[in-house]
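Listed in Swiss-Prot:
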DISULFID  CYS48-CYS76  disulfide bond
DISULFID  CYS64-CYS90  disulfide bond
CARBOHYD  ASN38  N-linked glycosylation site
CARBOHYD  ASN49  N-linked glycosylation site
CARBOHYD  ASN57  N-linked glycosylation site
CARBOHYD  ASN75  N-linked glycosylation site
SIGNAL    1-18  signal peptide
Amino acid sequence: MALLLTAVIVLICFGGLTSPSPVPSATALKELIEELVNITQNQKVPLCNGSMVWSLNLTSSMYCAALDSLISISNCSVIQRTKRMLNALCPHKPSAKQVSSEYVRDTKIEVAQFLKDLLRHSRIVFRNERFN
């Protein structure tokens, strides 16, 4: 019985190591959603002086893709906390000098619209995903 219990515990512990990508915790995703709501609501002036970022397909690696797109915006203090949250949710760390070829870059949109799209998609993920 003790051997069976030990085997179950080992399988549970190693199960997370074999998953294809880390699953964000519900708390981290909820904090990101709250931050995006705070940023996007009641915008009377252009966010980040109307800076433009690459529009992305947020269906795969959405946190890394969003971080990769926002990392080039350096003079906007409003999104610094969002970038830190995305950095924590992203398993690999992109840099401003390293442009990822993983994402198709064909259209630029304003940061405000990008964050609204990210908020909408994050809410969908939060509603539909099961968290540990």
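The backbone N, Cα and C atoms fix where each Cβ goes, glycine too.
Features recorded in Swiss-Prot, as mapped to the structure shown.
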residue: ASN38; record: N-linked glycosylation site; Cβ neighbours (10 Å): 12
residue: CYS48; record: disulfide bond; Cβ neighbours (10 Å): 21
residue: ASN49; record: N-linked glycosylation site; Cβ neighbours (10 Å): 10
residue: ASN57; record: N-linked glycosylation site; Cβ neighbours (10 Å): 11
residue: CYS64; record: disulfide bond; Cβ neighbours (10 Å): 22
residue: ASN75; record: N-linked glycosylation site; Cβ neighbours (10 Å): 7
residue: CYS76; record: disulfide bond; Cβ neighbours (10 Å): 15
residue: CYS90; record: disulfide bond; Cβ neighbours (10 Å): 19
Tell me which of the recorded positions ASN38, CYS48, ASN75, CYS90 ends up closest to ASN57 (N-linked glycosylation site) in space, Cα to Cα.
CYS90
From ASN38, CYS64, CYS90, the recorded positions whose CA lies within 10 Å of that of CYS76 (disulfide bond):
none
Close recorded positions near CYS48 (disulfide bond), where close means Cα within 10 Å, chosen from ASN38, CYS64, ASN75, CYS90:
ASN75
Nearest of the recorded positions (ASN49, CYS64, CYS90) to ASN75 (N-linked glycosylation site) - Cα to Cα:
ASN49
To the nearest Å, how far is the Cα of ASN49 (N-linked glycosylation site) from the Cα of ASN38 (N-linked glycosylation site)?
17
Nearest-integer angstrom distance between the alpha carbons (Cα) of CYS64 (disulfide bond) and ASN38 (N-linked glycosylation site):
21
